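Participant: Sending over a structure as structure tokens; questions will come in a sec.
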Amino acid sequence: MNRFKTSKFKNTAPKIAKKDEWINNVHAGSFSCQGNHIKASSKLVAFNMEQAGGGMLGLSSVKPGPDGQWTVTQISCHSDLITDMDFSPFDEYLLATCSGDEMVKLWRLCDPELEQPSSPELTLHPGQGRLELVHFHPTSSGLLAVGAAKSPLIWDTSRQDAPLAVLEQHGDHLQSLSWKRDGSLLATSCKDKMLRVFDPRAQLTPVQSAKSLQNNKDSRVLWAKDDLLLTTGFDMIRTREVKLWDSRNLSSSISSASLGTSSGMLIPLFDEDTGLLLLAGLGDKAIDCFEVTSSEPFLSQVSHCLVDNSTRGVAMVPKVVLDVMSCEVMRVLQLTDSCIVPVSYQVPRKNSGQEFHEDLYPDTVGSTPAMSAEEWWQGGNKQVEKVGLNPDRRPKPKAPPAKQMPAKKEVARGGSKEDPGHGCSTSSSPLSTPSSSADPSRSPSSTSGLSSGFLPSPSPSQSAKAIQSLLGPTSKFRHIQGAVMHRDTHITNIRGLNLTTPGECDGFCVNRQRMAVPLAISGGQIAVFERSQPGKLPDTALPTIQNSVNVVDFSWDPFDTHRLAVAGDDAKIRVWQVPEGGLKETLTEPELILQGHTEKIYSIKFHPLASGLLVSSSYDLTVRLWNLESGGEVKILTGHQDQVFGMAWSPDGKLLATVSKDGKVRIYDPRKSTAPVQEGPGPDGPRGARILWVCEGKYLLVSGFDSRSERQLCLYSADSLSSGAIASTQVDVSPSTLIPFYDPDTSVVILTGKGLAFLPKTECNVRDVEIAVGLMLTKATVEPVAFRVPRVKKEFFQDDVYTDTAEWWKPALTASAWLSGSNGQHKKISLKPKDMTPVSEAPKEAPVRKYMPSSFYLEEKTDEQKKEELLSAMVAKLGNMDDPLPQESFEGVDEDEWDD
């Protein structure tokens with residue numbers, strides 16, 4: 001025991017955070033798998049959630065926000081249980097997940113306040129059944145160890161086709177694996193009671209192995225200091241125990257400790273810098289802390305911490321997050337059924353909080369990889385450079401990388417915080433680069449702001465200029481401003497929103513009378529709010545539409561404000577009828593169910609001209625047309641080789657365009673052929689895309705990603721898809737897909753994130769020169785957003801802005817008529833109020849001379865005259881404080897005086 005008494009960490013004490021410092025709104029659940037249920041980087045914490053059969057991850061930040069609160073969001077990762085996850089030690093936003101769906105996925109995450117990616121950066125298909133374990137390599141970038149049912153795989157993520165090595169098959173199911181700290185060896189524990197150590201670069205068989213475990217129930221292996229291995233498990237009488245091993249000789253353990261009888265698996269966490277080992281049992285209400293010494297291998301208990309809630313998982317936060325001035329040497333996050341509880345371990349010291357105690361904090365492993373996966377595979381043994389934790393010597397934090405910054409061209413919420421998830425930007429069609437001279441507008445709301453979409457942007461690329469050359473003269477819409485309307489028009493206190501709908505879904509949908517909002521409640525529930533009833537919603541439960549399955553997409557019938565189509569993950573489409581005046585009671589029986597797809601649906605779209613005609617895309621790689629009049633399927637379109645990202649009907653309703661993950665853009669003529677009539681190369685990136693028709697159907701605009709995961713816009717000629725994009729422009733780097741909205745009257749494209757849906761043109765206030773009005777869904781509110789063109793003579797109807805608009809909310813023909821070969825077009829109406837005069841008919845005013853004649857400047861004046869003029873000017877400027885401000889009498893200039 002002498003070695004214990006001399007330890008500087010012998011008095012390390014746990015400190016459980018106060019309840020107001022817990023991360024709440026967590027629904028962890030209980031799952032049977034071998035991996036972690038929670039992991040943390042220096043920025044984020046990810047954890048299993050009970051929704052979607054365990055295929056959903058919860059996400060929060062390691063540190064609370066400025067208001068002292070944590071934001072918790074969700075991300076749908078897999079179609080089956082997420083069995084394990086791991087953050088990259090070199091990228092705090094890169095998370096690897098594996099699942100019972102036999103896939104490994106790499107996710108480029110964002111801060112929880114922002115919209116999360118709808119698809120992974122990378123997907124690996126080992127083809128070895130259910131996957132249980134995934135671990136990043138400790139020294140090399142892009143290198144993973146993956147635990148299949150009975151074999152560990154070593155995978156270089158830059159080579160997706162096959163693993164670098166498939167290690168020897170074990171005698172039973174793998175239960176854990178662990179990299180040695182220097183990255184040279186890999187240890188595994190198995191249900192066959194064997195402990196194995198591999199050198200993957202030297203041989204596929206173990207370099208050391210022994211039947212070291214007494215019981216085959218839930219063992220864990222973890223590298224400790226130097227050549228020491230830790231295992232947790234059960235002895236012959238099912239007593240939980242922890243053992244210390246010399247990895248060079250696995251015949252017998254060199255130290256052990258017993259932790260009593262319990263059925264819950266022991267989860268070990270080890271801190272190499274301090275030698276402290278934490279042990280938490282699943283289902284237990286205690287966390288034990290031991291010290292591991294390597295000079296004379298020994299396990300000594302330091303503390304026994306009782307917690308309030310049963311443990312579902314534990315994760316250690318990186319060293320750089322610790323409060324070193326308070327002598328905090330370790331911090332863990334305890335996952336429970338409903339919350340995450342931080343537990344801090346501190347060493348009591350004099351002057352704690354006033355000075356840095358160097359002896360407690362040796363240099364720790366940094367966050368820059370020592371080498372690439374290829375270098376490691378070729379025999380490299382470089383080690384990660386260590387960094388100090390002394391705040392006075394720590395380098396200043398670098399600005400976040402561009403790929404983690406919110407999009408430059410998107411709406412900013414909350415005054416200063418930008419949010420690509422609810423952002424929007426504007427540009428003139430077909431495409432253009434926003435003006436760099438426009439200033440952000442101020443929102444009339446005092447609680448939230450919306451800045452102009454025309455924020456400064458990089459210089460246009462050659463491709464962007466090529467797109468701009470299609471436009472001709474500079475657009476009259478270059479100074480469009482977006483602003484959130486007054487708070488009196490908002491709907492607030494929305495609870496339980498589902499912010500993790502699939503990437504192909506726009507998040508929510510609206511029509512002139514009401515909006516549909518998905519809820520994160522079991523049973524695929526959708527709330528319906530009336531636009532005529534803004535204000536704060538009651539705290540009590542609201543009536544909803546209950547679909548009984550997870551909702552993947554939903555859409556209002558453009559010609560019937562009461563009819564809502566909802567696609568579920570059971571491959572069915574349910575059509576609901578909302579009563580006049582809105583929902584008064586919960587709806588459980590749809591008026592129609594459409595069945596035909598054999599797998600989960602991606603998205604649905606109503607026909608723009610024909611009433612009762614719907615199109616859907618599915619995981620079964622078909623696109624199907626439905627006639628709601630007859631309640632049946634009428635066409636099956638084929639030809640896709642992978643996921644359909646987006647669909648769009650042509651303005652005349654004759655053609656259907658799609659963009660797919662297989663890298664193709666296609667055009668179908670559904671009444672003539674089930675195969676595409678045109679096909680061409682689409683975006684390179686596999687992360688999501690949107691497609692729409694622009695310029696009277698002459699072009700297709702595609703929003704997607706390039707091969708480097710940069711968001712881009714591509715323009716295609718609808719007559720020659722096979723030639724590829726005729727122009728493209730890079731936008732920025734962000735994980736979410738830009739959703740384009742196109743106004744055919746102005747040829748303006750507005751680019752948004754999820755949660756912004758637009759209303760018919762008749763909802764625009766022409767007296768304020770609004771060209772588009774949308775509704776923006778935030779975490780708890782729905783807020784109207786108006787896009788305006790700044791004009792001086794607002795008393796006149798701006799007929800150069802408002803051409804006659806199509807009545808697209810009225811059908812031009814029936815589904816049966818369209819299917820039989822008929823075509824139609826919408827009638828057009830004028831938006832001019834009867835009491836307004838068109839600006840084109842406004843009386844012309846004589847231009848005001850801007851400059852004095854040259855004789856004024858050349859005339860000689862005496863010194864007395866100059867003094868008198870100066871004094872008069874000062875008196876005139878200061879004399880009457882009741883005069884109106886200059887901007888109050890500002891009249892602007894005529895349109896023909898703009899300097900283009």
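The backbone N, Cα and C atoms fix where each Cβ goes, glycine too.
Please treat TrEMBL annotations as automatic predictions, because they have not gone through curation.
Per TrEMBL, compositional bias 'Basic and acidic residues' is recorded for 407-421. As annotated by TrEMBL, compositional bias 'Low complexity' applies to 423-463. What TrEMBL lists as domain 'DUF1899' is 3-65, 470-535. Summarising the annotation, TrEMBL assigns repeat 'WD' to 75-109, 167-199, 594-636, 637-669.
For each listed feature, how buried is it and what is near it?
Facilitator: Secondary structure of the domain 'DUF1899' (3-65) per DSSP (helix as H, G, I; strand as E, B; remaining residues coil): 10 helix, 19 strand, 34 coil.
Summed and averaged per residue, pLDDT over the domain 'DUF1899' (470-535) gives 85.
Within the chain, the repeat 'WD' (75-109) has long-range Cβ neighbours (under 8 A, six or more residues past its boundaries) at 31, 33-36, 39-44, 46, 48, 52-57, 59, 116-117, 120-136, 138, 141, 144, 146-147, 155, 157, 365, 367-369, 384, 403-404, 500, 502, 709, 735.
Among residues of the same chain six or more beyond the repeat 'WD' (167-199), those with a C-beta under 8 A of the stretch's C-beta atoms are 34, 132-133, 135, 137-140, 145, 147-154, 205-216, 218-223, 229, 231, 233, 245, 247, 250, 272, 376, 381, 383.
Beyond its flanks by at least six residues, the repeat 'WD' (594-636) meets 502, 504-505, 552-560, 565, 567-575, 642-649, 651-653, 656, 658, 668, 670-671, 674, 808, 811-819, 823-826 of its own chain at Cβ-Cβ distances under 8 Å.
Residue counts for the repeat 'WD' (637-669) under DSSP, split into helix (H, G, I), strand (E, B) and coil, are 0 helix, 17 strand, 16 coil.
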Participant: List, by number or range, the same-chain residues at least 6 past the repeat 'WD' (637-669) whose CB is under 8 A from its CB atoms?
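Facilitator: Same-chain residues near the repeat 'WD' (637-669) but 6 or more away: 503-504, 602-603, 605, 607-610, 615, 617-619, 621-625, 675-684, 686, 688-693, 696-697, 700, 702, 704, 716, 718, 721, 737, 744, 812, 818, 823-825.
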Participant: Using DSSP, how many residues of the domain 'DUF1899' (470-535) fall into helix, strand and coil, respectively?
Facilitator: 3 helix, 22 strand, 41 coil
Participant: Per DSSP, what is the helix/strand/coil residue tally across the repeat 'WD' (594-636)?
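Facilitator: So the counts come to 0 helix, 26 strand, 17 coil.
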